[in-house]
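Listed features, source Swiss-Prot:
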- Asn116: N-linked glycosylation site (CARBOHYD)
- Asn139: N-linked glycosylation site (CARBOHYD)
- Asn235: N-linked glycosylation site (CARBOHYD)
- Asn272: N-linked glycosylation site (CARBOHYD)
- 1-23: signal peptide (SIGNAL)
Amino acid sequence: MALSSALIKIFITFLFLQNHVNSQYSSPSKPQPSLGSTISFSITKFDDESPNIFVKGDASISNGVLSLTKTDKYSGKPLQKSVGRATHLTPIHIWDETSGELADFSTSFSFIVNTNGSRLHGDGFTFFLGPLHFDLPKNSSGGYLGLFNPETALIPSQNPIVAIEFDSFTNGWDPASPSQYPHIGIDVGSIDSRATVNWPLDFVQTNALGEASINYNSESKRLSVFVAYPGSGKNATGVSFVVDLRSVLPEWVRVGFSAATGELVETHDIINWSFEAAL
């Protein structure tokens, strides 16, 4: 009996130690904040040494401004075929796989798109939510806005992306516009917007400051965007679309901006940015 009791004690001790080792050295494959968590940030002035903003392609930070596309260093004029992206490195838990819960989020930013007074200009910029490891696509200049590649741009199953596009040139997949009227669109896995509204970019003064507000309500699943040009005399414009983000996005995403020029050019500058998400 004494020998049997000793063996049982040894076995129990072995199981305890094994469990302790497993719990000590196992690490989660993704961030694990609890439900009810909130992530927020506010950038009133961009810093080129900020560890939280990752720029790629032609995007750069200078004098407190995030420039998404490239300009000539001598003349300051925008360059053709420029593509840039800036991403906030904080992972956003946009929905929870276990509970099925969706996050609410809101973001606002000020921007300047300078067309240099040209009637024809392009191509635009986006605010987007995409996978944690989302590289800058090849051949994504022009109407692909630094977000899509030509081969899969119209195939939603290939693009786990949701974006608000500020599109200044009408391409073949855009709403018909004989006058090349710029538009704001909601993109769900495709460059072909699910909902659009006219963007009064050509009817405000050069270098006018625009203000955008984007919100997602997890109960109604409505994604909404409003854009205004304070002091311009133009009414705010807005568009919304109902989308279940769980059907498009991975559980964890990053948020950011992208932009592109093609044969036509303009500048795309983000002046400030705030974001908040709550799950």
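All residue numbers here begin at 1 and follow the chain in the order shown.
Placed from the backbone N, Cα and C atoms, the Cβ positions cover glycine too.
Counting in whole angstrom, Asn139 (N-linked glycosylation site) lies 25 from Asn116 (N-linked glycosylation site) by their C-alpha atoms.
Taken residue by residue with DSSP, Asn139 (N-linked glycosylation site) is part of neither helix nor strand, so it is coil. The most densely surrounded of the glycosylation sites Asn116, Asn235, Asn272, judged by C-beta neighbours within 10 angstroms, is Asn272. Secondary structure at Asn116 (N-linked glycosylation site), as computed by DSSP, is coil.
Secondary structure at Asn272 (N-linked glycosylation site), as computed by DSSP, is strand. Here the Cβ of Asn139 (N-linked glycosylation site) has 13 other Cβ atoms within 10 Å, regardless of which shown protein chain they belong to. Taking the Cα atom of each, Asn235 (N-linked glycosylation site) and Asn272 (N-linked glycosylation site) are about 22 angstrom apart.
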